[in-house]
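Engineer: My questions all concern the structure below.
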Amino acid sequence: MTTRTPIMAGNWKMNLNHLEAIAHVQKLAFALADKDYEAVEVAVLPPFTDLRSVQTLVDGDKLKIKYGAQDLSAHDSGAYTGEISGAMLAKLKCTYVAVGHSERRQYHAETDEIVNAKVKAAYKHGLTPILCVGEELDVREAGNHVSHTLAQVEGGLKDLPAEQAESVVIAYEPVWAIGTGKVCGAEDAQEVCAAIRGKLAELYTQELADQVRIQYGGSVKSGNVAEIMAQADIDGALVGGASLDADEFVKIVRFRDQ
Ligand SMILES: O=C(CO)COP(=O)(O)O
């Protein structure tokens, strides 16, 4: 049986400027100890404008915290005003990049085709995508959450070779639980995460499926993280609001103590 290292990632969304980012990462670094990093991979996903500052701090102080971006362009370079390429993120030594977050799908009309192109762009530039999937409330109420989410997984990974897919991180984030305080019940989250692992086994192999880390995201806090992490197919959390409070995020990283 594969042992998957849990991954706790803070998606800051459009919060914290580059000066606030430095202060925030310093707080995290001060609080987190080697034993935390041995047990859990810790990552932050700041806004683009913070990345250079975070890189300088992480490099300078040799911090074990990883960082990445919240999005990337599907294109390598060129006349795409406002976009940021995977190559640019790689140059900033980003490890991760979120792809297909529901806020990108909703406000920027990102389809599974676009998300798939972005996943491929991430790998092309040596970044690990955190592929975000999850259903809206009406889909859950109609009982179609599993098939909806699996279609997003399949669409996002289309034609992706196993050598790449084996390192992908998938974040199951039911849209109705994001920023609402409504957490998906741990067993309901487990149902979908287990189905995602089953889909990976179908698309690739059971061995690959057992290796991929699947996060839950949506109103994760120190008070509910332990129950979520106790589920067999949940290997971490993608944390929005609660990641903006350093003490709270540290408690989430230390989910075993909660
Ligand atoms: O969207 C999320 C992380 O990507 C979840 O956000 P909240 O933790 O604020 O609900």
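Positions of Cβ are set from backbone N, Cα and C atoms, glycine also.
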Engineer: GLY60, GLY179, GLY185: which one does TrEMBL list with ASN11, TRP12, LYS13, SER219, GLY240, GLY241 for the substrate site?
Structural biologist: GLY179
Engineer: Measure from each Cβ of the binding-site residues ASN11, TRP12, LYS13, GLY179, SER219 to the atoms of ligand 1 and list the residues where some distance is under 6 Å.
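Structural biologist: Among ASN11, TRP12, LYS13, GLY179, SER219, near ligand 1: ASN11, GLY179, SER219.
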Engineer: Long-range same-chain neighbours of TRP12 (substrate binding site), Cβ under 8 Å, sequence gap at least 6?
Structural biologist: ALA21, VAL44, LEU45, PRO46, PRO47, ASP50, GLN70, SER243, LEU244
Engineer: Quick one: which residues besides ASN11, TRP12, LYS13, GLY179, SER219, GLY240, GLY241 have a Cβ within 8 Å of the substrate site's Cβ centroid, in sequence order?
Structural biologist: ILE178, VAL239, ALA242, SER243, LEU244
